Structure formats: structure tokens, C-alpha cells
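What follows is a short report on a single structure.
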């Protein structure tokens, strides 16, 4: 079962914009060492939609070959085109990932719940593998298209066991609480570690967060204190929530890459696939990170 | 040079959601016979983003093999991932298309003109073929990400000849007029035939429109009257603009497919890739189409 603190892993890229295999494995290893329970690779933070299907599959095959445990991976397999979503989900199963994180098809806007239901029904049936554990990736600020609670309920009823969980990145605590309470069988990850303790207390399962590239250790402390029923969990969460504000006002992916570049001294972190730009001047950001003790 | 009336071609699909090769070629042939100068295949109307790269390439290779002239094709080659956009543009050149219609990468929102410039610069340089003629596909209601006039100007300055044109589907006449007047070297297609005559008079080049799947003949009459300096062009445009309202209140792609199904009697037009749904009941739509004499 997937539970705990998952980093939405950044993807390091060479100057030619190919994935840097060594830096990627090293970064994943570091996040696990810092305390992340798992690695949500190739989500929004991982620039997944800027990579082809073949690039994503090859990169996660390499990760496992390089010693990152497959059972710690929750690969993003979202795509607008059903055949791409099927190929990605199958490849994730092949590499041994215990679940996949799937965006809704995000090109057409204003689509119906019926249309989205049909997309995921076709996906599940075409993958045709009982091992599939599908996590619904709700991130309306980016995808615009999202999952209503009614749609989640319909999918759970139709494909119990296969529809396994969700990552909720709507930034809405009330929605996360509703999902935890309404769907006890659904694994619920908050899309930010600021909701980590609340989510766990509502019966949810953890967080999958971009900022966990930097806050994995502190997020893990919150989780462990909660798991131990230690009342210090609240203070640790408050401190984590405060620390996480280091990112406010900065574009998240460029800023997080700039921090990794400063930490590792590796210029591979200077590169982003267009349309994303590198941060022009990281001075203010790095000062703020230091001030937060991160 | 590309000019005139282009249909944004629907893609007929079998029940298993694969492209129906015979129906696709027949539909393209019919549109050319009705008077379309060209065929914008695999745009928004063609459900392009619901098909994989391989499916799109194979379908347009089949079209040309089935006798549709390659020089009438303006294939959509938009993709969020640079390698996909490169592969699609190369394949379109290989099949002999005189231009390609490229969406901006549309997953990340709020991206900068610098980032989009870099995407298209990388695309052009990676395709590395002097025959490339790039048409910038501006459709903010769907892609959310779009082309500012400043970005279009920067791309034209950096890649004259290669950056060849635009399809403007913002629904804003003033913007189309501005592009026509500000960039005389840019081939400007309005995204709707309701702007056809105005666009031609502003120095633009025509229209690329979903409704031209139904209005190709009448749109062509407007073009021909304009080309002949015939003052009857205004009345014909007014009639076309009025006729085009048949679609109002209906979801465009399902409605257009329902019309093609009624016209051809071929059930292949009942199928759409999810997340799009077929029209539940086309009765009111078909009555309206008949009332408009289409």
C-alpha cells in the first residue's frame, strides 16, 4: 500500500534537454535517504508532459536499473491521447511500479464527466492488467480539466481495487477532507505537505508535493510523529508549513531546480525544457531557503 | 503559397476508436470537391491531441497514398513535448505537406514569451529542414497558452520564411486585422469563415474553420467573389455568416460529426475519442442545418 511522504520528483536535464540519467538516480536516492516514502516521478514538477512517451519509459527503466526500488515509484502516466496513456501505464507496470498517477486528458476544456469516465474506462480495459492501481491526478490550476467527487465515486464503483487513489492539487483543504471521508477505500494524497497532518487525521494517506524535493526530511518527521501519536506533530507541521513558504512568489519548477543546482553544484539543474525558463537570478530565493533552515 | 478556404477536417473513427482510413480519404476528397482549397487535418476539430504521434503520421501517410494531394494538406503537428513536435513536423515534411500548423505547448499555464520563443526556436532548429513552413496555431479558448503579437514578431524576425503564417482562433476580429496589417509577410488565416471576407480585405489569406466541414462550398463562393472583385461578395459573406450560426449552442465536434453521419449514413461518424462525447440527440441540430439550407 502506498502511504506517506512522496516527492514530486524534479527531472534533471542536460544542456541538450535529454534526461541526465546519473543525476536523476542520484536525486531519487537522496530523496529516499532524506526520508521520502516514495517518488512521484514524471508529474507536473517532473516536466512529464514536455517529454515523449519513449523518454519517460526509458528514464524510469534506467532508474530501476540504477538501483532505485521500483516499489517506491509512482510514475505519472497522464496523456491526452488514450494510446499514449495505455502505453505509459503498461510500461509502468512492466517496471514494477505499484501504482500510476494519471492526469485527465487536458486539451479539450469543458468536457463532461461522462467523457472522462469513458476515457478512464477505456484506459483500464485496454491496459487489461489486474495489477493496475490508478491514482487520479487532480490539478485544475494546470490541467484545467479535473475530477469531480461524483466522477471519482463512479470510477470507484465501476473499478474497485483498480481505481486506487488520488493526488489532490486543487489547494482546497475542504475538498481533501471530503474525499477522505466520502471514499474510505481511496488512497488520498494531498498535493502539498502543508495539508499533510490534516490529511492523515482525516483518514487520508499522505502528500505528494513538489516542495518535498527540498522538505522531504521535515515532512517525514511530521509523518513519523503522527504515526507515533506524538502530540509534537502539530508543532512540526506548523514549522513545515512555515518553511514551505520559501517558494512563494517564485515559479515552482525553475525555483526548485535553482535550489538543487546550488546544493549539488551540478549545472545539470540549470536546464528546463521549454516552455519553462530557468530562474534568472536565484539570490533572493536561496537567501530565503537559508532563512527557513532548509 | 497557402491561401483560401481550409476545412479543419473531422477525423472519422471506427468503434474501436481507430481512424477509419476509407471514410477519412472520402471525407477529404468530398471537401476538396466542394471547393475547399486545402485541408487542415489533425487540428482541434480533428481530435489530434487524442491521437498518438504514430497514429497521426500513419493516417496522413494513408491519405496521400489514397490520392489526397499532399500539397493541399496543412497537418497539425502541435504537441506539449518538443520531441513529439519535432517528429510530427518531420513526418509532415516527408509526406509533402507545404506547411504545418503548430500549437504552443499547452500543459503549463502562464508561461513566458521567452519560454515559448525557445520552444519554437528549438523546434525549428531540431527539424533542421529549409522546407519547413510553420503556421502558429492561436486558440486560447482551448490551449489557454497563446501567441502574443510581440512573440509572433520575434519569431518572424528570427526565422523569416520558416515562420510562415498563423491560424487565429481567438474569435477577435481586431486581433486578426492587427496581424494582417502589422505582419504583411505572415499568411493569416481566420479561425472562422465569419471573418473570411474581412480577413481577405485586411490583406490576410483566408480561413481555417471547423464549420467548413459543412460550409466549404459557400465559403469558397465568398472567396471566389472576393478574388473576382465582385461586389456580391458582401451579400454572400452575410449569408455565410448567418448560415454558420447553425452550430450555436451545440458542442462543435460532436455536432459536426452528427451532421456527417446524417449526410453519409455512415455510422463511423458516431464515434469520438474520449473525453469527447457523441451528441445524444441530433434532431434539433439537423433541423437547424436544413433550415439554413446547408
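Keep in mind that glycine also has a Cβ here, set from the backbone N, Cα and C atoms.
Keep in mind that what you see is a predicted model, and the values were worked out from it rather than measured.
As annotated by TrEMBL, active site, proton donor/acceptor applies to A:137. For A:167, the entry in TrEMBL reads active site, schiff-base intermediate with substrate. Residues or ranges marked as pyruvate binding site by TrEMBL: A:45, A:208.
TrEMBL feature annotations superimposed on the structure.
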| residue | record | DSSP class |
| --- | --- | --- |
| A:45 | pyruvate binding site | coil |
| A:137 | active site, proton donor/acceptor | strand |
| A:167 | active site, schiff-base intermediate with substrate | strand |
| A:208 | pyruvate binding site | strand |
Cα within 10 Å of residue A:167 (active site, schiff-base intermediate with substrate) - qualifying recorded positions among A:45, A:137, A:208: A:137, A:208
C-alpha spacing of residue A:208 (pyruvate binding site) relative to residue A:137 (active site, proton donor/acceptor), in angstrom: 10
Close in space, distant in sequence - residue A:208 (pyruvate binding site), Cβ under 8 Å, 6 or more apart: A:6, A:7, A:8, A:40, A:43, A:74, A:101, A:167, A:189, A:190, A:191
Residue A:137 (active site, proton donor/acceptor), number of other Cβ atoms within 10 Å: 30
Same-chain residues at least 6 apart in sequence whose Cβ lies under 8 Å from residue A:45 (pyruvate binding site): A:8, A:9, A:10, A:210, A:213, A:252, A:253, A:256
